Amino acid sequence: MPPGIFFNVNGRDIHEENVDPELTLAYYLRNKLGLRGTKLGCEEGVCGSCTVVLGTWDDGENKAVYRAVNACLVPLFHVHRTFVITVEGVGSREKIHPIQDRMARGHALQCGFCSPGFVMSAYALLRNHPDPSIEQINAAIRANLCRCTGYRPILEALYSFSPESGGCCGGKKNGGGCCKDQKSSDDDEGYDDKLLSFNDFPKYDSTQEIIFPPSLRVSGWKRGSNGNSQFQTYVDSGDLVTLKGDRVELAIPKNLEQFKSVRADRNVISSGLITRFVTSRNPAGFSQKWITTRYVKEFNEIKMSQDHIEIGAAVSIQRLADTLSANLSDNIAPEVATFIQKFSSPQIANFATWSGAIVSAAKSSISVSDVLLLLNVLDTHLTVLFPDGSLKQIPIEEYALDKLYETGTIVNVQISRNDNRKLFCLKLGETSEEDSTNFNFAALIGNKKQETRIFVGLGGQPKNLKELEKYVDSGDSYELEEMYKVSGLERNNNSTVALTRLMNFLKDGRKVDTKENVNYLQYFKPTTNESAGRPIANYFNERAITGEALYVNDIQAYNALHLGFVLSTVPHADIAKVDYTEALKLEGVAGYFGRFDVIGNNKPGLQKANMNFPDDTTVFAEGKVECVGQVIGVIAANDVVLARRAAKLVKIEYKKLKPLIDFKEARDAESYLGPVQHFGKDEKILGEALEKSNKVLEGEVSIGGQEHYYLETQSSLVVPGEGDELVVHCSTQGTSFTQLMVAEFMKVPAHKVIVKTKRLGGGFGGKVNNASWIACMCAVVARKLNRPTYGFLSRADDLAITGKRHGVYAKYKVGIDAEGKIQGIHYESWLNGGWSKDHSEGVTMVMGIMVDDVYNMGVVRFDGYPVKTNSNSNTAFRGYGNPQSKLVNEGVMRIIAREVNKDVEEIKKLNFALEGDSRFLGARIHNDALAECWEYCTTWSEFEKRKRKIEQFNRTSSTVKRGIAMSSVRFGLPHPGPAGHGIASLLINLDGSVQLSIGGTEMGQGLNQKMLQVCSQALKRPIKTITIVDTSTDKVTNAPETGGSQNADTNGLAVLACCERIMSKLKPILEKNEGDWEKSVRDAYGAFVPLQCTEYGVVERKKFGVGDMESPYNTTGACAVEVEIDTLTGYNKVLRVDIVMDVGESLNPAIDIGQIEGAFMQGYGLVTCEKITFNNTTGFLDQNSAGKYKIPKASDVPKDFRIKLLGINKANGAQVYSSKGIGEPPLMMSCGAVHSAIMYCVDDWRKDNGIEEFVDTISPLSADKIQELCSK
């Protein structure tokens, strides 16, 4: 048999033999070639982190064609004669590509994990279209997800490549045009309005790109290194070839006759995406025979005649769409292009075949396929190969209805070129029309020669609406009720949308969407400082954007093991038996480990050294399970794919117990994780205040949870050393916390465990406790087998195992006077904590002590109940109880405004607590600019003027409603107690270079960059002479977990203390040497002057007149949000956002603005598209895959997005260069404003339709929830 396949990666020719049919391109690139820039974020083809570019030569066009694909789904055997380009091949720090350069210097990344994927999606676009339109850019990255940045800087960097951007940001205040052409208003004097201009960047030159390798154009023949020998690949040989992997045998025919000869008893795969994905989830004791159409000539052909187009079954969805768009009539082609452009993922459309899409849909009763609908409405015919070898042409409708997919194989499809009917298509997803399809509808409107065809997608074969076809053909007067009657469609929102839009199309044709002007503005006060206060790009941006930056799973260890996780499949049960014998039979499996292998304490969170709330979480289940997804044990194996498969072979016998999954049932059962927490006045005093009030109002609030969805899943690598030593590389927010947990679990002193964290691919609070338990599991395996051990969760396992934001049910009773001023309020809040304590008691406490938000509410009482349910053990999440308080209070303010007939914003302002006032527990409010932010935002956003315009719009619009709302935030920092300190270590080397180490971890929030700028400013040294090294417990120990928005304060104070201590001895020597730094360092060394030190950073509260439990300062802000909802689809769109924040004198405006934008989008997701629900029977999370959990996409970013850092300096000396913390506050403010703006729309619709019942806070306001609220 001729040897392997031949392809090229980044300019390097590769000949690979013995390819396992199940091996993916991503694993090959990462593990065989060491190209770790291709990240694994979901392994489902959803997040885009693994995007690479495949280049192929088009002989007909005589040029190379490039397409972005998901490397996690592409089988390696598919890349023969393909030019594979990864982020490393695009550019490096030494020779950076313009895309990478603009994203890096344009602040378009934070944690950096998703960034290579964005680069590759944009790169594919530029290789095919060097001057792309804005629309093409949006389409190219629509399936790339980012959890950190909020997308705005990514979009702005990429838009700079479009001629449509005109080299201008489009930032003129009143919509479009150039901001430089306008005179600054008085409000904007003294501010810069952009972080940077892309006008100064070199113009993109497509001629400088890496060329398509000539070796791939020579039909697979390659000259050997001696210049004479040649080899031929199995693809080019013309022979039938069979590949044999560990579990799968793959036949690779080259023509139709060969295909016929071996078709029997084999699964046909076209792209292999779906088949390989499904089988990868099956246990290792599984085997199949496949046959691929990938290299069969007849399956790949596109033939044109005067009447028809014939497209082979192995052609991709995108190429099908491109072919139809270029060759069908003007009445059809544009609609096809638009319809397929809304396909949920361009990466999948670029690789998946159209035939695979319709086979999958035809087999399913619930799958709704856009491709199957399109080919049905276009009245296409399929050529099908039957088992007897015959070829027959059949109408596509018969294929699904007659179940021909069971025996027949599609060879091609024929589409008429002479159809001049007008095409109308519609697709609806869960969150938008670009989401995966839940419902679709298509009509080919008849003319004098041909009749109308109408189909609706409800799952499986689309339904032909014959009576509606007749109705449409019968005349030119159309009524919705008549259309409903003849269509036979069930009366629901989806059907109403379809028929309404069809009716409008019949009357007016397809309306061209007007292009929306992009208006991205970032105002900040420039500084004269050399370092602190400047919007310097993060030092690590170039490393991440070129694929050089390493995350835990990128670190390579010799002879390492990988863990597969054995998870509970029931919500509550005693474990009767664990049988892992089948798993251990597999070659390469090293063992099973569970509770009986624990050396120390299986509940390490209960140790006395844990300075947080005690946590009773078991690392491994002890005798019983209390949640689906709880870890029972782990399988250790030589590679991660084997480990995961083997884990599924472990058999667990359960003795089931009654579960409490439903949150309400658990509340009613008074199932609690800890004591009820009470804050504020006792009930008697509260009762008196309510009794004296003019009116007492009551409400109930329901707030859902939220998944962190960090792009890098939980990851640890533990390397065993001598004498019980362990080096733990962990994606953790708390190196010292993880050190203590691993030490307790392994029964060794903490000094035996070194925890190292270079960076995290996102955290948001979810990588403290959860990260430590994964590290513990790795540690026990590493120690027992004396081999390095990786614990890297798949996205599905991460979703199943880890905790989320706490869902909350709350009740309130509020007393007000006649004007709406609050006299007293009683909150009762139940927090869904899940199966173990984790952070539930802490989140309950913070929600309680911060429940007064930005308000003076008179007499306040809060009762908090941490509820135990048999679901994920919920944990810390950005905001830590504050977002839940904010959303409760948004409901309170809305019900008061309704009662006293005033605007909500007026009620909010009336009840503000201001600087100098005291919060409900007695703490005074220091260094606070809430009033300034609110007034500034009200004026700057032209709030009242726009509100009047919205009222006018809504009076004439019955189904589309607009709303506007303002919200605000107050967040006291730094926090009191042991967590409110930082640690830093500073070393000066003899060459004068400076090495900095801090206790905080870098997870995308820019902490390391800020600390470099602080150090640079304090030492008066250029920032390039300073480096910051891994956070590591052998350099800095006992550091609090990184979170709570205070880390630039606490670590910054520690850095300043180090610099002051070093400089106190070095300064006289510097003066003597006239500022010669390097000579002074050498002289100091010779004089035994210390050149290294470690210092603590803590605010001395008494020194600044601040009480022990008071905040030295408050980060404050206000925002105005304008939204639009379609009450039929339930979709929402944020039209404009104005955010004004006081962060003091920002340490780095680019980082702070990035945090604000990222927090806004995360808060937007919390109250709109992100759902957490459980099956109350099985206990499984409904959103148990990357594709089922919906985070905001780039298309959700408001087109008009304005941020202003006020730059107010009320510093009392307790801050680092007069700066303030920023990470969490914008999220609270944003989720409140977005929610209230949407409720403005809902309330307006309900008022129009005579519905008087008040709707309190319900979150998330997903599309289906908005549909429900806007239904009679």
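Even glycines carry a Cβ here, placed using N, Cα and C.
TrEMBL: automatically predicted annotations, no manual curation.
Here is what TrEMBL records for this protein:
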ACT_SITE  Glu1224  active site, proton acceptor
BINDING   Cys42, Cys47, Cys50, Cys72  [2Fe-2S] cluster 1 binding site
BINDING   Cys111, Cys114, Cys146, Cys148  [2Fe-2S] cluster 2 binding site
BINDING   Phe343, Lys427  FAD binding site
BINDING   Gln733, Phe764, Arg878, Gly1044  Mo-molybdopterin binding site
DOMAIN    243-420  domain 'FAD-binding PCMH-type'
* Taking Cα atoms as reference points, rank the recorded positions Cys50, Cys72, Cys114, Cys146, Glu1224 by distance from Gly1044 (Mo-molybdopterin binding site) and give the first. => Glu1224
* **Rounded inter-Cα distance in Å - Cys72 ([2Fe-2S] cluster 1 binding site), Cys114 ([2Fe-2S] cluster 2 binding site)** => 14
* Can you list, in sequence order, the residues of the same chain other than Gln733, Phe764, Arg878, Gly1044 whose CB lies within 8 Å of the CB centroid of the Mo-molybdopterin site? -> Gly763, Gly765, Gly766, Ala876, Phe877, Tyr880, Met1003, Thr1042, Gly1043, Gly1223, Glu1224
* Hey, which of the binding-site residues Cys42, Cys50 is the loneliest by Cβ count within 10 Å? -> Cys42
* To do: Do me a favour and check the Cα-Cα span between Cys146 ([2Fe-2S] cluster 2 binding site) and Arg878 (Mo-molybdopterin binding site); whole Å is fine.
  => 16
* Extra residues within 8 Å (Cβ to Cβ centroid of Cys111, Cys114, Cys146, Cys148), [2Fe-2S] cluster 2 -> Leu109, Gln110, Gly112, Phe113, Ser115, Arg147, Thr149, Leu711, Gly761, Gly762, Gly1004
* Cys111 ([2Fe-2S] cluster 2 binding site) to Phe764 (Mo-molybdopterin binding site): how many Å between their Cα atoms? -> 11
* Work out how many Å separate Cys50 ([2Fe-2S] cluster 1 binding site) and Cys114 ([2Fe-2S] cluster 2 binding site) at their Cα atoms, rounded off. => 8
* **Those binding-site residues of Cys42, Gln733, Phe764, Arg878 having Cα within 10 angstroms of Cys114 ([2Fe-2S] cluster 2 binding site)** => none
* Under a criterion of Cβ-Cβ distance under 8 Å and sequence separation of at least 6, what residues of the same chain contact Cys148 ([2Fe-2S] cluster 2 binding site)? -> Leu109, Gln110, Cys111, Cys114, Gly762, Gly1004, Gly1154, Gly1158
* **Pairwise Cα distance maximum in Å, Mo-molybdopterin-binding residues per record: Gln733, Phe764, Arg878, Gly1044** => 12
* Asked: Here are the binding-site residues: Cys72, Phe343, Gln733, Arg878. Which has the lowest count of other Cβ atoms within 10 Å?
  -> Phe343
* To do: Report the residues of the chain - excluding Cys42, Cys47, Cys50, Cys72 - with C-beta within 8 Å of the mean position of the site's C-beta atoms, for the recorded [2Fe-2S] cluster 1 site, in sequence order.
  => Ala26, Lys39, Leu40, Gly41, Glu43, Glu44, Gly45, Val46, Gly48, Ser49, Asn70, Gly117, Arg795, Ala1186
* Structure fact -> For Phe764 (Mo-molybdopterin binding site), the spatially nearest of the recorded positions Cys42, Cys47, Phe343, Lys427, Glu1224, using Cα atoms, is Glu1224
* Structure fact -> Ordered by sequence, the long-range same-chain Cβ contacts of Cys47 ([2Fe-2S] cluster 1 binding site) under 8 Å (at least 6 apart) are Gly41, Cys114, Gly117, Asn144, Leu145, Leu711, Arg795, Ala1186
* Which one of the binding-site residues (Cys111, Cys114, Cys146) has its C-beta surrounded by the most other C-beta atoms within 10 angstroms? -> Cys146
